[in-house]
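Enquirer: Dumping the structure here so I can ask a few things about it.
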Amino acid sequence: MRPLLATVDLSAIRHNHALVRARAAGQPSFAVVKANAYGHGVREVVCALEEADGFAVACLEEAGEVRGLNARARILVLQGCLSADEYPLAAQLDLDVVVQSAEQAEALLATRLRQPLRVWLKLDSGMHRLGFAAAELRRWHARLSGAAQVGELNLISHFACADLPGHPLTAQQIGAFRSLDDVPFAQRSLANSAAILALPEARLGWLRPGIMLYGASPFADGAAAALGVRPAMSLSGALIAVREVAAGDSVGYGAGWVAPRPTRIGTLSCGYADGYPRSAPPGTPLLIDGQRVPLVGRVSMDMLTVDLSAVPQARVGTPVELWGAGLPVDEVAAACGTIGYELLSQLAARVPRRHRY
Ligand SMILES: *Cc1c(COP(=O)(O)O)cnc(C)c1O
């Protein structure tokens with residue numbers, strides 16, 4: 001078997017989930033498990049968080065999968081129903097749905113449902129991606145209250161900049177959310193991971209932790225370990241080939257990287273088709289025997305190459321960590337000009353996951 005494996009530590013995810021509870025005692029949360037639980041395997045993660053109050057997913061297809069794994073928990077569909085025929089199915093699955101546009105609200109009111117839905121009206125508090133302005137949202141609250149299709153009418157909004165401490169938009173968004181305090185919503189929800197960790201004033205009602213459950217940082221500049229979260233995924237491989245190249249030899253496609261001196265090069269069976277970004281520049285760190293070694297050459301579809309100068313003992317079969325407990329995914333992401341979220345969620349289906357309980 002090709003040596004490439006994502007090991008997922010479910011006890012770390014449970015630990016991180018408990019941390020959410022500790023941060024906001026008594027407040028319920030939707031554990032965000034969209035995108036295959038940020039790449040960690042939705043089936044295993046949902047089962048590991050059996051006690052969760054709820055789960056949040058992007059779309060109805062994901063909600064159906066989660067409902068199949070947990071008959072009891074609330075399941076929130078963050079984008080809501082994207083066509084009218086999804087409402088009956090959402091009711092059948094006993095989901096919580098976001099209503100983020102007039103089209104969605106009209107479609108809901110035009111549908112006959114056997115069982116009312118719990119509805120979360122989305123306030124566009126400043127992200128300007130989904131949702132209603134405050135005045136419009138008040139009108140929808142009035143129209144939807146008491147509608148036969150609506151079981152519980154709730155308020156939700158989402159931060160654009162909670163990961164940037166002190167960003168002025170965040171205070172503005174909290175202000176917009178609080179400006180609706182007089183509207184008698186049954187439940188409210190505002191905080192994502194960054195807000196759970198850093199904005200006590202935003203921990204209103206239901207929390208929506210995503211990235212922190214998986215042990216990565218929501219902050220561009222903050223190490224996850226300092227937040228008390230434990231990394232859940234370790235992506236590991238082993239060297240499948242080792243060679244010496246002479247000074248002036250190039251490595252990989254495009255001959256873009258040229259050895260400045262005689263160099264031992266290790267090849268790993270992991271490429272962009274596995275989800276490792278092709279945009280990773282030379283110097284992106286990998287971990288061998290506890291030492292950071294730099295990526296060299298261009299990432300290919302199925303392989304990548306590293307400079308073994310710092311680890312002369314490395315040979316074919318030597319284990320390599322691409323990210324994990326010893327090398328935070330956030331550090332790799334930063335080197336690639338992206339965020340941990342993207343690396344985790346883009347891990348390809350062809351990479352086997354092994355779950356530890
Ligand atoms: C993905 C998502 C979250 C979780 O965000 P994290 O930064 O991963 O905690 C919360 N709310 C909404 C609306 C989302 O789309």
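Positions of Cβ are set from backbone N, Cα and C atoms, glycine also.
Bear in mind that the values here come from a model prediction, so they are computed numbers and not experimental data.
Pulled the feature table from TrEMBL, pasting it below:
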MOD_RES   K34  N6-(pyridoxal phosphate)lysine
ACT_SITE  K34  active site, proton acceptor
BINDING   R129, M301  substrate binding site
DOMAIN    232-356  domain 'Alanine racemase C-terminal'
ACT_SITE  Y253  active site, proton acceptor
Enquirer: Taking the Cβ of R129 (substrate binding site) as the reference point, list residues of the same chain whose Cβ is under 8 angstroms away and which are at least six residues distant in sequence.
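Expert: Looking at Cβ-Cβ distances below 8 Å from R129 (substrate binding site), excluding near sequence neighbours, one finds H158.
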Enquirer: I'm checking region-level scores; what's the whole-number mean pLDDT for the domain 'Alanine racemase C-terminal' (232-356)?
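Expert: That region's mean pLDDT is 98.
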Enquirer: I'd like the per-state residue tally for the domain 'Alanine racemase C-terminal' (232-356) from DSSP, helix first, then strand, then coil.
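Expert: So the counts come to 19 helix, 46 strand, 60 coil.
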Enquirer: Y253 (active site, proton acceptor) to K34 (N6-(pyridoxal phosphate)lysine): how many Å between their Cα atoms?
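Expert: Cα-Cα, rounded: 35 Å.
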Enquirer: So how many other Cβ atoms are close to K34 (N6-(pyridoxal phosphate)lysine), meaning within 10 Å of its Cβ?
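Expert: Here the count is 20.
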Enquirer: Could you check what DSSP calls K34 (N6-(pyridoxal phosphate)lysine) once collapsed to helix, strand or coil?
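Expert: K34 (N6-(pyridoxal phosphate)lysine) sits in a helix per DSSP.
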Enquirer: May I ask which residues of the same chain, at least 6 positions away in sequence, place their Cβ under 8 angstroms from the Cβ of M301 (substrate binding site)?
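Expert: For M301 (substrate binding site), the qualifying residues are G271, Y272, A273.
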Enquirer: Using a 10 Å cut-off, grab the number of neighbouring Cβ atoms around the Cβ of Y253 (active site, proton acceptor), all chains included.
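Expert: Looking across every protein chain shown, the total is 13.
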